[in-house]
């Protein structure tokens, strides 16, 4: 390739497809091709060209241009021989001409301008011993004119030691017309002795012997050309040592490069990743020296100093990986020695003084430095150096360093300098290589750079500067992992330089099974489709999967041909553009590939799902090119024929260089690695302790990984001490770092191998790089090929696994699938693996999105092995290890990876909708228990409880259960706000904060809402869904503002600092949040059905709040009788303590229904009657009804009364317990399917105590499975979609699963149902069959607001008796309002209560919670019996004291009916009124009996005139007047009870 000197640099680089570096060349003053002629490997590396293949292309282009430039400048010149000097003349000292040489890997074989032509022999390149074809650029020697030799050249190793004697004779032997060409001879050739030569591979002067006259033949008989070929082969071998082995082509061109500059580039494997073995130069000189301190106090400090030929570095110790100072050789002006064994290194900024231990050591340092300085100037390297342009510079604070440092970020490394002036001179503190590093942002303005050897903590000048530095470092670290070899080859097809979906330039991702090259944004949407549809790989990172055949496919196919297939029917104007939002982008890609809406019908696969399966199979099978060509039958334009497989193969062959056969024939080489490892002994114990240093430290062995892992005592040992075969490895695990950073005895970098037979062996390395290299090598060594692409940083465990899932039942029903698991980060990858069972399909599990992780013990499994159950949305996976040891390791690793602990939103454990569990749980709790709380989210809870709750959520959110009696609403709201406030990045994204503010500044509200929608679409998926959930919750809160007094403005003020993580003074953020809450329906595209459901829920909550104003907390509910028809509906108040038996009695009395011989039972109806649950008579009805809000359709639930025969449900109303437990054979099925599968199977079940047991046999003593019945609900019926085998069955709903049980007949179904209900309520007393309400006024707790007593306390024996009497009076008064009273019956308990001692205490309204007072006894019957036995007592007690008035449930007074004038009547109504008055009189006497003074015993018999009680007066003794006689005839002041 010819390159004229004045050719523009961009055009010149485009010849090798590297025009992206044109700007880099121009920034360094290289605008034309001629200005770049002096560049070599190191110069290109300093320019920022890190890819080795790119540097090789440019150097080959330079060599080609240099050869042609030499020919152009010398073809017209004549070559005349140089006259020989006199024999006795003193030989002149050769002086080398300053020039630029190439590195070892790029020997300049072409003549450079100004070089003597005697060192360039064109005949050598035509020698048949060196090459099989001649170069068209080389003329014959007869055509070359001679040029006078104006300067003698010194022999140099760069010319491969060419023999300088007899060149003319050699040229005459091979030239057709030797008489016309005279080959010049050197001006001086020493006959014996030595000459000083410069080796470009070394940076010091050396001495090489020169042959004596007559020694034209080599010692081993090899010719010049053969030595040149071997020398070049040795150089290329050293340079390409980091590449995978390839089959070299038969024709190896070892002479001047030809016009085909891409031939040698093809020798690089397209999937190879280069790791240079000579990046770090070997130190030429090192040792301990004393360095003079720069503070001026003349103090020498002990330093370890190294000089590697490029820079002088001094360290604190010989173990430190990073120096304290770096002095580049280019910054040193001179070195000179001084007295006292000291020498000075002089730079333009300061003088460095070092002191050695001896004079000889000082002279060695001085001579070495001075010789390298001379060689540097002879080579013509510029001084000071011209490094690549920094990506970012600035001042930073470094922890552990007193003053600020000046940091410069260049490609591949971060350089630290003391000042900007030191940066300009190149004198730095240290240079940190970014390969293998990571960046971590910490609090405030700080960030950490984590290297394998040390953590550098920096502090920026501001928060914005910290983010900029962290982003730039992260991008630079990512760039170090990139390999452009595959990308350059794929981009050689111009159609692949633009994304196949959105036309973005330079796409660096590809969907390998779809044949398209895509950009990074589209790659994320392709990944969302799943690996079964689109297998996404990176062109720069995932280089291990890019075989030569796949690269050829993409080169030939191209995006244009692929789009002819995938988008052949795409309507114009419906494509994507590079700036498309993620939402429309994902929808378009799903329609294009997942649904195949834009492709034309396929002749062989009309079903799109079959086509996708065939594409995946073609990528994994042989004959990739042929199969893909048949599947992707490309539609061409009219007049053209589609690309056939033969045409495809032909086009592929046409792309291959004709002179390089076999280039793409890869030689499969097994994974090899070698190095030292600390090898522990093989143990059989689970959880063996990690390796530790000290006396019991494991031996450090030399390990070689090839066909087997062999361990030797040393590198020279002939026999291995032990070896491991790949089939012996079950699992590989990376040991976590020590929990205590101060634990220096433990090896921080270690891994373990679990072997067959339950054995384990630990290994340890010296550093993180070595550990990662060993993990990658061993992982590829024993794992299948499908796992190799998944290896990388973050690997925790990999090994063989057994997999079973109901979703794979069609593939292998009832069988375990053989797979290979790989745990990386929080993802578990499952790959097919060879084994006795069928291979498992490729799959991936996001562990943090699991709903449940549990272990089924070996006793509960048929195969007597432990199973790990992973419950995900829509499916359940069962994992089983090879043995106990590896299963325990997998369980621990998966449990740790599935947990939380981070402060990032993506690091949280997720619920079904990709919402953090902590957010979902807190919002659900507040919705259920806090929407009615006044000042919700404004009232703060206890800080300690809130912090403790947040820590529990972060540790394991799945295990946290919020319960009303254990957690307060205020603590939960504080936890939710604190969680959003402490996120690493706010839920609204810090980078989008300017866009939020820009949207808030728009004038029109409609425009602002549309802008909000646009910004929300730019958020990540988790952020977008979490924000939508939070705003929806706040929308419901403000809907209940009439109850909780929290309007939209208040909520926005409270949540803006947490959602946007601002200081709370941002008015724009408050406005944004307020408008998001108000416009929730439109911004988040809520449809009308969802909006109606929200309004229904809010209306129901509001109704509950209105009814709660009554002390009893009653709720108005609808109850149906027999059928759910409007005519059969009864509306009544339901108190929180109303039981199902009491509800039944009230409804039947209201409707006047007769009981007869059948029983009436209250049923809870779900899913419009598909499931029916009989309520136990003692169950609280309101507690069950309040749980309907958690249902997907709350309106589908209701209460229904139905007649049930005494034989079916009679046992529920008796206190008799079953003597023998219920046991029988049932057909069962689990939802979701687990141990029992997804079909109904016959199993024996047993109800024992409060547990349901699953038995293998009827007489089995140990159950296979056990379920607690605490909190379980039993429903009659089974969902129809499950296809139950019989019509009679019931569903048992447990906490995390549903158990469907099918019976043979109705009697068996009722027998099992009542047995379970009896087991759940076996501590309840027997039910009394009566028709009256026994609702008490016990203390209620509705939501989180307990109903406190109105006046005083409710404890004490006196109050107990008073409340008991008031309850009976209230019950009788209430019952008389609904239905006639029954005849009272006396009881012994009531007689005992009258004899209890009472004390003088003030009477309070009944507000206490006394469970022992729930029995319905009639106190009036006792008094009636007493009155009949002693009439005088009746007349006396009737008028001793004014009667007490009765207190109602609401606390207000009720009038007592006035007795009619005249003598008492014997009618029933008059007797009933007189009886109540007598009861009140007796109650008053009971309370005040103890307070009667002893001085007036006659008062009880003193006659008094009868006095009718005033309807408004209420005689009440007060505590302030304890001495007032209670027997006085004058009533006290009219005051209510206090």
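Using N, Cα and C of the backbone, Cβ positions are placed for all residues, glycine too.
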Can you check which of 975, 1344, 1414 Swiss-Prot annotates as phosphothreonine? 1344
Of the ranges 20-45, 46-71, 72-97, which one does Swiss-Prot flag as region 'Disordered'? 72-97
Kindly point out the range from 100-124, 125-149 that Swiss-Prot annotates with region 'Disordered'. 125-149
Swiss-Prot annotation (region 'Disordered') - matching range among 159-186, 187-214, 215-242: 215-242
Swiss-Prot annotation phosphotyrosine: which of 417, 1275, 1399 has it? 1399
Looking at 243, 937, 1404, which one is marked phosphotyrosine in Swiss-Prot? 1404
Using DSSP, break the domain 'PH 2' (389-478) down into helix, strand and coil residues and give each count. 22 helix, 37 strand, 31 coil
Would you confirm whether the domain 'Arf-GAP' (479-606) and the domain 'PH 5' (1219-1321) meet the contact rule of 3 or more C-beta pairs below 8 angstroms, pairs 6 or more apart in sequence? no
For the domain 'PH 5' (1219-1321), name the stretch out of 4-68, 795-901, 903-1084 with the most CB-CB pairs under 8 Å. 795-901
The domain 'PH 5' (1219-1321): DSSP-derived helix, strand, coil residue counts: 18 helix, 41 strand, 44 coil
If you count Cβ atoms within 10 Å of the Cβ of residue 938 (site 'Arginine finger'), leaving out that atom itself, what do you get? 16
